[in-house]
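To start, the structure under review is shown below, and the notes come after it.
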Amino acid sequence: MASNMFIKIALWLVLALCFFLFLITSAKAELQRFEHPISTETKNDEPLSLSFLVIGDWGRRGAFNQSQLTSQMGRIGEKLDIDFVVSIGDNFYDNGLSGEDDTAFEKSFSKIYTVKSLQKQWYSILGNHDYRGDAEAQLSPLLRIIDRRWICLRSFIVNAKLAEIFFVDTTPFVNMYFSKAEGHTYNWRGIISRKAYRANILKDLESAFKKSMAKWKIVVGHHAIRSIGHHGDTQELIRHILPLLKTYDVDFYMNGHDHCLEHISDRESPIQFLTSGAGSKAWRGNIKEENGDGLNFFYDGQGFMSVKLTQFEAEIKFYDVHGK
């Protein structure tokens with residue numbers, strides 16, 4: 001009798017623990033939000049604005065014009081009085097970070113982006129090269145202690161009054177990293193089930209879209225939905241993510257991955273596709289012209305992008321390594 005009672009209590013405790021873990025997992029599934037305050041002070045009756053820079057595919061210890069690009073970013077950052085920087089993935093080449101103590105973090109980030117105007121928050125996501133190393137290291141709070149600017153998560157939201165920016169971890173969506181890794185090793189620690197992971201991202205993204213009341217909705221992912229660059233369109237994102245962007249009236253999709261600057265308009269919706277993956281090494285001449293439908297601008301070289309938003313308009317500019 002006592003034995004049966006003990007078994008029932010043990011089963012009840014196990015069920016209670018499972019339910020508790022389910023609640024924790026469910027809570028963690030929601031995208032983490034960062035509230036980024038912006039100045040409400042305006043000059044000469046100018047409208048309230050939000051400004052930031054976007055750069056991707058940069059971390060090469062200053063090589064391939066990464067250092068030269070920094071001075072131009074600093075100049076434009078000061079001119080616009082930017083609120084923050086968006087880092088759009090492939091933060092450290094060639095194989096991400098080896099761990100939290102990898103010196104590449106300081107040599108490719110802290111000791112490169114030293115200009116005063118860039119001492120703002122950097123909101124970062126992972127790219128495919130970051131997954132070749134210890135992806136979890138880039139997510140570690142320890143890096144925020146080394147450099148307070150650094151915030152990197154897999155997927156999250158930044159609410160900046162005029163805009164909500166939805167950062168999406170796109171690498172686990174792409175089939176080739178699982179089926180045709182081409183000799184590379186990817187570290188999927190933290191992603192137990194790829195299918196469940198992708199499903200949760202899509203569910204949480206749709207939930208966040210439904211709640212959003214922002215004037216501007218921006219989605220940031222490392223891989224391009226539309227691009228005429230080396231990698232071209234990402235079919236998995238066209239299939240899984242693009243329908244959500246259209247349904248919930250997203251204004252911009254911003255990405256890196258292709259080492260160029262470009263602007264493509266969607267023919268079936270107001271969505272604008274913006275590539276800013278030219279933070280260091282560029283691939284000149286590798287172009288997929290057949291993907292050019294809706295192409296407005298393409299620059300096959302190093303550079304970055306600036307964004308300035310008001311209640312009434314969006315101003316997007318691309319800059320090359322010389323600041324042109």
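Here the Cβ of each residue, glycine as well, is placed from N, Cα and C on the backbone.
From a predicted model like this one, the values you see are computed outputs, not experimental measurements.
Features of the protein shown, as given by TrEMBL:
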BINDING   Asp57, Asp90, Tyr93, His259  Fe cation 1 binding site
BINDING   Asp90, Asn128, His222, His257  Fe cation 2 binding site
DOMAIN    51-260  domain 'Calcineurin-like phosphoesterase'
SIGNAL    1-29  signal peptide
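Annotated features, which come from TrEMBL, shown on the structure.
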residue	record	contacts (Cβ under 8 Å, 6+ apart)
Asp57	Fe cation 1 binding site	Ile88, Gly89, Asp90, Gly127, Gly256, His257, His259, Gly277, Ala278, Gly279, Ser280, Lys281
Tyr93	Fe cation 1 binding site	Gly59, Arg60, Ser108, His129, Ser280, Lys281
Asn128	Fe cation 2 binding site	Gly89, Asp90, Thr171, Val174, Tyr177, Tyr186, His222, His223, His257
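Other residues of the chain with a Cβ within 8 Å of the Cβ centroid of Asp57, Asp90, Tyr93, His259, the Fe cation 1 site, are Gly56, Trp58, Gly59, Arg60, Gly127, His129, Gly256, His257, Gly277, Gly279, Ser280, Lys281. The Fe cation 2 site is defined by Asp90, Asn128, His222, His257, and by the 8 Å test on Cβ atoms against their centroid, the other residues of the chain that qualify are Gly56, Asp57, Ile88, Gly89, Leu126, Gly127, His129, Asp130, Thr170, Thr171, His223, Gly256, Gly277. A 10 Å cutoff on Cβ-Cβ distances gives His257 (Fe cation 2 binding site) a total of 28 other Cβ atoms nearby, all chains included. In this view, His259 (Fe cation 1 binding site) is surrounded by 27 other Cβ atoms within 10 Å of its Cβ, with every protein chain counted.
Within the model, the domain 'Calcineurin-like phosphoesterase' (51-260) shows a mean pLDDT value of 96, rounded to a whole number. Counted within 10 Å of its Cβ, the other Cβ atoms near His222 (Fe cation 2 binding site) come to 30, all protein chains included.
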